[in-house]
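Structure record follows, encoded as C-alpha cells.
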Amino acid sequence: MTNDKAVVVFSGGQDSTTCLFWALKNFSEVETITFDYGQRHKLEIECATSIATDLGVKQTILDMSLLNQLAPNALTRHDVDIAHEEGQLPNTFVDGRNLLFLSFAAIVAKQAGARHLITGVCETDFSGYPDCRDVFVKSLNVTLNLSMDYDFVIHTPLMWLNKAETWHMSDQLDAFNYIRERTLTCYNGVIGDGCGECPACKLRKAGLDQYLATSIQGGA
C-alpha cells in the first residue's frame, strides 16, 4: 500500500466496485466520484452511495445531466430500446462519457490533493465502446497532465481482464460475495445477479459462470 491518495470513478457496478476494493488495498486514502447523467435508474446512484457509505469511503456526486441533452441514448432514455446492430456502436454508448467523467474526476482529484485516478474500463469486454480502449486512457492521461500541469496517473486494473478474470480479482480481494450481491450492473435496474436478459447481465453471468466452473467457489 502507498501513502498516496486516489479517486475512483464509481457507479456501484461490478467493475467500479472491484476497482474500489482494489484501490482500498493499494492506497492509504480513497475517495469516490459518482456522476448523475440521467441514467435510466436512479437506483444506480443509490447503490453507489450505499456501497460507499458501507465501506466508509467519501463520495462526491456530480450533476452531469447536460450529457443527456447532448447525447441521448438507451442508457438515459426509457423510450429507447437497448439495441446493437452489427457494424455499429451499441446504442448504450454515450458519446464523450468517459472523456468527461475522467476530466471532471481529475479536477476533483487535484482539488483533493490526489494524483491517482482509477476507472473500471476494460478493453477485453469493451463492447465496441471506443472510450474504453487503453490507447484512449493513455492519451487522456497525457492531456490531463498537460492541461492542469499536474502529475496524474490513471489506473485501469481491469483493462486486460475478461469478466471471469474480473470475478477472480474480486475473490482475491475478499470481495466476491459482496460484489455479487450488492452491485448493480443490470440495465433494467436489478441489483445482484440482475435480470438475466439485458446485454450487461448476460456478459456478467457468462463471466461468473466461467469463473465458478474453474474456482473453489464453484466446488472445484
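Quick reminder: no glycine exception, Cβ is built from N, Cα and C everywhere.
Non-local neighbourhood of LEU20 (ATP binding site): VAL8, PHE10, VAL30, THR32, ILE51, ALA52, LEU55, VAL57, ILE118, each in the same chain, at least six residues away, with C-beta under 8 Å from its C-beta. What TrEMBL lists as ATP binding site is PHE10, SER11, GLY12, GLY13, GLN14, ASP15, SER16, THR17, THR18, CYS19, LEU20.
Look at TrEMBL and you will find CYS186, CYS195, CYS198, CYS201 tagged as Zn(2+) binding site. When secondary structure is read from DSSP and collapsed to three states, CYS195 (Zn(2+) binding site) falls in the coil class.
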Can you give me the residues near the recorded ATP site, meaning same chain, not PHE10, SER11, GLY12, GLY13, GLN14, ASP15, SER16, THR17, THR18, CYS19, LEU20 themselves, Cβ no more than 8 Å from the center of the site's Cβ atoms?
VAL8, ALA48, GLY120, THR183
Which of the listed binding-site residues (CYS186, CYS195, CYS201) has the least company, meaning the fewest other Cβ atoms within 10 Å of its Cβ?
CYS195
Winner by Cβ contact number (other Cβ atoms within 10 Å) across the binding-site residues GLN14, SER16:
GLN14
